[in-house]
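Read through the structure below, which is laid out as structure tokens, and then see the notes.
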Amino acid sequence: MHVPVMPAEAIELLAIRPEGVYLDATAGLGGHSGLIARQLTTGTVIANDRDTRSLEMARANTAEWSDRMCFHYGSFGSLSDAVSQAGFEKVDGLLADLGVSRYQLTAPDRGFSFMADGPLDMRMDASIQTTAADLVNHTDEKTLADLIYQMGEERRARRIARAIVRARPLRSTLHLADVVERAVPRTGRLHPATKTFMALRMAVNDEPGELRRLLEIAPGLLKSGGRMVVISFMSSDDRMVKEKFKELGQSKQATILTKHPLQPSDEESFNNPASRSAKLRALEMR
């Protein structure tokens, strides 16, 4: 079972009401959705995800509360449809966890990770046309370097892009990881290919664009007094969330509930290393 990140903090800031309607924009394997559902009586959780396999697992993992659950397959751009198709106009709370689940990272056929060999896919949604293999094999060197630098925050992006272009064609995750490691040897605890893989995943799934769409759509889906909680793992994502929240606060549309982002406790970071870089921000619509 996927362990949800910062569960206590997220649930507290959502201020769950037993009869409320809550949209989990990133249901994943259902960790946060289940925590919300168990606090409801006549309320509803709308569990949304763009990964069909994850959504089916979320359905199975929340079966105990099936009478309180609705499921919707789609990207952030379709969240309005998720709410209306569940029979509601607005919600009392919205949660978005921008991380990648352990299931996605460890399933070799998904191609998200170099922990096992697999195809260079990285698509969260099978309807996406471009795969990671397309990017590494057909993108020009400068564009590839810019992508790795900007999305992966990888300072050695030019050297990595040069090595990738020279090694073409690349067909598997371990092949790519080996090429990157040869170009930029390990200097710390992180595998040298970690940021490159992250950048490719973000590009394939247009994660920056998806986050922008979420931040534009979400305020209009929340009732007055409705709360929005976002958990991000990249500094670039956290900056986008911070700026949007600041804009909503300054325009008096919302009250920011987290003056500074919350971070996992030492205990959580130890027990769930995937949570270490998490930052949680929350607001309440006026």
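Note that Cβ sites are derived from N, Cα and C of the backbone, with glycine treated the same way.
A strand conformation is recorded for D97 (S-adenosyl-L-methionine binding site) in the three-state DSSP classification. According to Swiss-Prot, the S-adenosyl-L-methionine binding site annotation covers G30, G31, H32, D49, F88, D97, Q104, on the basis of sequence analysis.
For 260-286, the entry in Swiss-Prot reads region 'Disordered'. Sequence-distant neighbours of the region 'Disordered' (260-286) (same chain, 6+ residues past either end, Cβ-Cβ under 8 Å): 3, 5-6, 9-10, 13-14, 99, 102, 219, 222-234, 238, 241-242, 245, 248-249, 252-254.
In this record, S-adenosyl-L-methionine is bound by G30, G31, H32, D49, F88, D97, Q104; the longest C-alpha to C-alpha distance in that set is 31 Å. Q104 (S-adenosyl-L-methionine binding site) counts 21 other C-beta atoms within 10 Å of its own C-beta, drawing on all protein chains shown.
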